[in-house]
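Record features, source TrEMBL:
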- 10-74: domain 'DUF1899' (DOMAIN)
- 83-117: repeat 'WD' (REPEAT)
- 133-175: repeat 'WD' (REPEAT)
- 181-222: repeat 'WD' (REPEAT)
- 401-439: region 'Disordered' (REGION)
- 415-429: compositional bias 'Low complexity' (COMPBIAS)
- 453-476: region 'Disordered' (REGION)
- 460-470: compositional bias 'Polar residues' (COMPBIAS)
- 498-525: coiled coil (COILED)
Amino acid sequence: MTVSKMTWRPQYRSSKFRHVFGKAATKENCYDGVPITRSVHDNHFCAVNPRFIAVITECAGGGAFLVLSVHHTGKVDPLHPKVSGHRGNVLDIKWNPFNDFCIASCSEDSTVKVWDIPPHGVLKNLTVPWKELQGHSRRVGLIEWHPTANNVLFSTGYDYQVMIWNLDSPEAVIKNPVRTISHHTDVVLSMSFNTDGSRLATSCKDKKIRVLEPRTGNLLQEANCKNHKASKVLFLGNLKMLLSTGSSRWNHRQMALWDQEDLDVPLLLEDLDGSSGVLFPFYDPDTHMLYIAGKGDGNIRYYEISSEKPYMHFLTEYHSHTPQKGMGIMPKRGLDVSSCEVFRFYKLVTIKALIEPLSMIVPRRSESYQDDIYPMTAASAAAMSAEEWLSGIDKGPVLQSLKPGSRVPDSYPELSSGLGSKGLGNSLGTRRSQSRPGQLQLAYIQDQLGNKEGKECRSKTSVSNGQDPTLCSPPKTENEVWGGFDLRLKFHKQQEEIRRLREMLNQRDVRIKQLELEINNVRNSQGSH
């Protein structure tokens, strides 16, 4: 009789992201001297897009935040102009995902304000918003943009209400939200949408996690886990799962994984450590990577998520001696694909008055574009208008390739018509243009401008995918900036043309190198025969 012995072998998972590492920016590539807010709220306090970085600052006599060009690193001028139209401290800021020149802010003065940032940046204090939203009776702590519908904004405050706003409304001051959701019995601590925006998850101070239908406000699921006090909740893309971070009965920091259709019992509950700071979760649906950053410490853990057990696979942990107070993240379209960067944080280091970019990089030897780690991702174009979404339509995000030189899709692709997807920034939308005749005229002038001679520009050495580097300085004098649209429009049109030509040249250089290698290979093979 033969006896078979069981051989124990370690179970290795094949993963492209096993060796992802964090690379902090050098001092000259950080933003130094930023008066970061001292607020004790558990928000990110920072918002980033491929053009600008915004950070809530400490100031007297009201609330304010800074808007800086992402390329203007180094020492920040202490007298740099601010966006300072709130009467109370600013608690949260979020960039419009479909317009890099539009940002929303909420404040202790119980208002939400939406701002138009000039294409050349904030050159003087900005105090007049594009829209002011008045509906909350107490301070407003959180705002979120709808992920696929244009100009739809969600806000929640200390009145326990979640309000939905349609910014296509022609009024400058909007006092009536299109809907108010009143299921919460305490302060809402976080909000998160699924990929197409048809579900809204919230975590609340009453220790409950809720899944809502945002358009109607109907409560679909509710979790009340006594062993897990959730502070942040996050939809994990299209995996139909939720992740929450919080604390256990014994005040250990922990995270929990939930089935979005059944919140009775978590799929997974894991204690992390005994620290007290809030855990900020960030999820990348393209790579299925989850990042857990702790407030008050310098560590970031990363995991890979799968739809089958054991669901979460720990990869590694980034360690730093500088604690983060908040975090901003760059959208995928603003990453540097030439260095295989798959995620980028902007750490707020209060003790040094510093904003430190931190890149997550997949180590690859080849410098060519890596298709396998950059699938199609959400573009800077809305899938539908606010009216379409409010009428009951759900659409997934418009997708784009991150390959350099790829065309960025238009907003509302199946309905794209003339001015609907044009204008300053990334697709302001037809209704918004109609509500602002000056903006409509400006967009028309910009489209009509041809290629004309301009100022000699200095080239920028590093070009990141999706970014529009400042190849030369915009008009500086008051007359140039405010004396009319014409010179500024010529300047930005010329910058866009230069950027496009540089991308074409880079692509042709790569193609020439490939052809040279192929010719050498053919010659070598012929010589060997």
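Heads up, the Cβ atoms here are built off N, Cα and C, so glycines get one too.
TrEMBL entries are annotated by machine, without manual review.
Keep in mind the model is a prediction, meaning the values are calculated, not measured.
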Secondary structure composition of the repeat 'WD' (181-222) [DSSP: H/G/I, E/B, coil]: 0 helix, 22 strand, 20 coil
Structural state census, the repeat 'WD' (83-117) (DSSP three-state): 0 helix, 22 strand, 13 coil
Counts of helix, strand and coil residues, the repeat 'WD' (133-175), according to DSSP: 0 helix, 22 strand, 21 coil
